[in-house]
Amino acid sequence: MVGEVNKNARSERGWLGWVQLAVIAAVVVVAVTITLRLSGGEDPTAVARGDGARSEAVPVRVITPQPGAHRVAVASTGTVTAKAMVTLTPQVGGRVVELSEAVQDGGTFEAGEVLFRIDPRDYEIARARARAAIADARSALSQLEAEAAIARDEWRSLYPDREINPLAAREPQLEAARARLMSAEADLFQAELNLERTALAAPFDGRVVDSRIEEGQLLVAGQNYGSIYNADAIEIVAPFPPEDVARLDGAEGRTAQLSFDDRADPVEGVVVREGASLDERSRLINLHIEADADHILRPGEFVDVAIEGPSLETSLTLPARAVSGLNTVAVVRDGRIALVEVDVRDRTREGVVVAPFDAGDGVIVTPLPEDSEGRAAEILEPAGGTGG
């Protein structure tokens, strides 16, 4: 009996010990939780919303953007390009008997200047033969015309009431003679054209890119022996992202500032046209610019290009950190956080230029936790202006 009582007493003391340990553990957990909340800046007395979520105010810093004027500008690196490269390709073959000093890398020439001349003697002989063939064809035609006239007179005297037969009037022979004369005249035209082509000249002032022609060299018709370009047909081609071109609100006619490595002051130019399609690899659009440059522009030369776009008389400039995604801005309205979609007009080093909008009590420039829209906001201090 005594042993059973002792056993029950030990069992009761063990149960009470476990209860005491559980109470101590609960106190420790509560103390740690309160400490962590206090260290994290949370208010342990905050009231829960009806949906069970906390309604603690989110500490934020805001700016009040000031409206002002802004001019859109885009920049890229372009390349000096000749609108068209013309090959030095003779249309007739022969030996070079005359070669201009301009026909070398970098050489300059004037419109109509003979760059090289092929020995014309063979072509002069061909012209003489063509002229002789014409004389012979004309003589044959004249003789046939005389014979045809005699034949018509004889026919009328013999058969005054009958129409003359075409064969008797020598009409087939006359047509053949006229055709031979036309062919001879065409041969003369071709001979004169070939003779003219022995001298190669360009109809523009230009420069020689490269040449593989030497005096005394035998040239083959239709073969490429070098290339030249029109010095007045030079342009700058600069690639731009489609969104930059769209920001210009019509690129054609816009003023461009062109900076060259070999001169201190920039050169002014104008955009003359846009490319018809995007580059398949880069997905960029080429803008073609003509420069008002006094010095020689060399194809292949790099150029820094800055193009001025439209002037935005009323706009707001926000720091880049204030804009999330493409066009979302967080503001404080009536003490709570609201997300606003803005109309982005430009992006610069200074920030994001947007159309005016209702910024409420200020634009938030500090990072926000997830699902912060609609939560109460505690404005720590005004960051001031647009600099945030």
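Just so it is clear, glycine is given a Cβ too, placed from its N, Cα and C backbone atoms.
Marked as coiled coil by TrEMBL: 127-194. In this model, the coiled coil (127-194) carries an average pLDDT of 92.
Residues annotated as domain 'Multidrug resistance protein MdtA-like barrel-sandwich hybrid' in TrEMBL: 85-225.
Summarising the annotation, TrEMBL assigns transmembrane segment to 15-36.
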As a quick check of your reading of DSSP, tell me how many residues in the domain 'Multidrug resistance protein MdtA-like barrel-sandwich hybrid' (85-225) are helical, how many are strand and how many are coil.
64 helix, 27 strand, 50 coil
